[in-house]
Every structure is written in structure tokens, then in C-alpha cells.
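Visitor: Taken from TrEMBL, the feature domain 'NADH:quinone oxidoreductase/Mrp antiporter transmembrane' covers 23-288. Among the features that TrEMBL reports, domain 'NADH dehydrogenase subunit 2 C-terminal' is placed at 290-342. Feature annotation from TrEMBL assigns transmembrane segment to 56-75, 95-115, 152-171, 178-197, 203-222, 243-266, 278-300, 321-343.
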Amino acid sequence: MNPQAKLIFVTSLLLGTTITISSNHWVMAWTGLEINTLAILPLISKSHHPRAIEAATKYFLVQATASTLVLFSSMTNAWYTGQWDITQLTHPTSSLILTAAISMKLGLVPFHFWFPEVLQGSPIITGLLLSTAMKFPPITLLYMTSLSLNPTLLTTLAILSVALGGWMGLNQTQTRKIMAFSSISHLGWMAIILVYYPKLTLLNFYLYAMMTAAVFLTLNSMKVLNLSMLMTAWTKAPSLSTILLLTLLSLAGLPPMTGFLPKWLIIQELTKQDMAPAAIIISLLSLLGLFFYLRLAYCATITLPPHTTNHMKQWHTNKPINPLIAVLTTLSIMLLPISPMLATII
């Protein structure tokens with residue numbers, strides 16, 4: 001892609017995100033979301049492969065539908081209350097429509113079908129943007145309207161997301177699809193606590209974005225697209241494979257990694273809110289996700305490729321690790337000891 005064009009699209013992404021997260025008026029927030037959608041489409045379809053074009057088309061149709069619903073929900077609220085302010089979304093019907101619209105934008109169950117397909121059709125770095133940066137504006141809208149949302153509905157969507165995210169990821173062999181189902185599962189954890197402790201949702205999102213960025217950048221450096229390629233990657237980049245193992249365990253939420261921190265705080269807060277059954281269900285369902293993270297980690301580090309593999313065995317190269325991967329991995333592994341400080345900040 002032309003560097004000038006790439007610069008324009010990335011700048012538009014930053015602009016759209018900034019407009020949405022800093023706006024008080026619904027129309028400005030909607031404008032930011034639209035700029036974001038239009039800026040990411042060329043980045044999805046830049047390879048001109050039929051699958052990439054299909055992914056861009058699916059993404060456009062879903063996001064356009066969700067944006068229409070956001071506008072419809074805000075107009076309904078303005079019709080009944082005379083308020084265009086984002087924090088004044090008080091009409092119950094508007095809240096329900098908004099929850100559906102943002103769930104569609106994020107890929108929460110039952111509006112998740114587009115997300116794995118779009119991620120599979122995108123390049124790895126665009127997939128990283130779709131999993132992290134593109135989810136930030138909708139999550140900020142949920143954060144600003146959290147007082148008006150229906151807790152029962154969000155808890156139901158959250159438990160379904162963790163269940164389906166874990167269950168549908170079990171049988172996947174494509175790394176991008178596995179990361180898509182991992183994202184759906186993590187969104188469930190963010191949604192369940194949103195009404196009770198919105199700042200925890202944001203903390204969970206920040207830590208999830210950091211760990212996912214480390215995994216995607218490592219996969220990009222190793223040029224890995226599926227599990228069979230991952231099995232032969234050890235000979236090429238043993239240090240990156242080790243980094244991937246640790247980051248995946250953190251993403252699974254195993255102590256003493258960073259990924260355990262948001263799960264621990266969310267379970268604690270749910271118990272305080274007399275929602276122990278929901279906390280138990282969501283904890284047990286996250287074991288499904290743990291299985292496919294362990295499967296990825298096993299393929300990356302413990303499996304030696306058989307001699308009959310279809311992939312050429314790679315030569316070991318002493319290419320230096322990208323400093324960004326090193327920093328993100330360190331943060332993904334070692335933030336748990338400072339959890340008391342993070343708890344006082346939020």
C-alpha cells in the first residue's frame with residue numbers, strides 16, 4: 001500500500017477514535033465511529049484477495065447496521081427526553097437498542113458471527129487493530145452510559161460470550177480465528193462487570209489490549225498463520241516461541257501473570273454484588289478458553305514437528321526481537337505484583 005495512503009488511514013483512525021471518546025453529543029460520537037469504519041476498510045482489503053474483499057464487505061455491512069442503531073437509539077432518547085447528551089440516555093427502549101448496537105460493533109454474542117470471519121480475512125496487523133483499537137470507542141460509549149444499561153441483559157450477553165468464545169475456539173486451527181474467539185470471550189468478562197464497576201471494564205480492556213498486541217506482534221514476526229506453521233516455528237525463532245508461550249498463559253488468566261489481575265478483581269466485585277453464581281459460571285466457562293491457549297502454547301514450544309510435515313523446516317536466524325514485543329511481553333507477564341497500586345488508582 002502507498003505510504004501516503006496508509007498515513008491518511010491511520011491518522012483517520014486516530015481522529016475517529018479521539019472524536020468518539022471526547023464527545024458529549026451523540027451525533028459527534030456517531031461521526032467518530034463512522035470515520036473509524038471508513039478508515040479501517042482499505043486496511044482490511046489491501047491484499048485484494050477475495051477473502052479480504054469479503055471480510056471488508058462483511059465488516060462494512062455490520063458496522064453500518066450498528067451505527068444506524070446507535071443513531072436510532074440516540075434519536076429515540078432525544079425524542080422522549082429532549083437530551084442529546086451521551087450520559088443522559090435514560091429511556092429504557094433507547095438503552096436496549098444501544099446495548100444491541102454496541103454489542104454488534106464489539107462482536108458480543110449473539111452478534112459475534114462476523115468477527116472471526118473478518119479477522120481471518122485481514123492481515124495480522126489489521127487484525128490487531130480490529131481486536132484492540134477498534135473496540136475502544138464502543139467500550140467508552142458503554143462506559144459513559146453504564147448507569148442506564150440493563151444489568152440482566154448485559155450479564156446474559158457476557159455469560160453467553162464467554163461460553164461461545166471458549167467453545168467455538170476449541171476446534172480452530174487458524175491462529176487469527178483463535179484470537180477472534182479469545183477476544184469474544186474477553187469481551188464477556190468486560191461486559192459482566194460494566195454496570196457494577198465500569199472502571200474495572202476499562203482496566204480489563206487496557207490489559208487485554210496489551211496482551212493481545214504482544215501475541216499478534218509475535219505471530220507477525222514469526223509469520224505464523226495456523227497451528228502447523230506454529231509447530232515448525234521453534235527452529236526459526238526459539239526466543240519468540242518462548243515469549244508467545246508466556247503471553248498466551250497470561251491471556252488465559254493464569255496466576256502469577258498479568259492476565260490473572262482483571263479476572264481476580266472482577267470475581268471479587270461480582271461476589272460483593274451478591275452475584276456469586278454468575279462469578280462461578282463465568283470462571284468455569286473460562287476454562288474452555290484456557291484449553292485452546294494451552295493448545296497454542298503446546299504447539300509453539302513443546303511439539304517437535306514430524307518429518308512428514310508439509311512445511312519446509314526453517315533455519316534458525318539470529319534476528320533481534322522487536323523492542324515493542326519485548327516491552328509488551330514484560331508488561332503482560334509481570335504486572336500482577338503491582339495490583340494493589342492499580343486497585344487504588346481505579
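Using N, Cα and C of the backbone, Cβ positions are placed for all residues, glycine too.
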Visitor: Spell out yes or no: are there three or more C-beta pairs under 8 angstroms between the transmembrane segment (278-300) and the transmembrane segment (56-75), with each pair 6 or more apart in sequence?
Guide: no
Visitor: Rank 56-75, 95-115, 152-171, 178-197 by Cβ pairs under 8 Å to the transmembrane segment (203-222) and hand me the top one.
Guide: 178-197
Visitor: Would you kindly check 95-115, 152-171, 178-197 and say which stretch has the most C-beta pairs under 8 angstroms to the transmembrane segment (56-75)?
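Guide: If we count Cβ pairs closer than 8 Å to the transmembrane segment (56-75), 95-115 scores highest.
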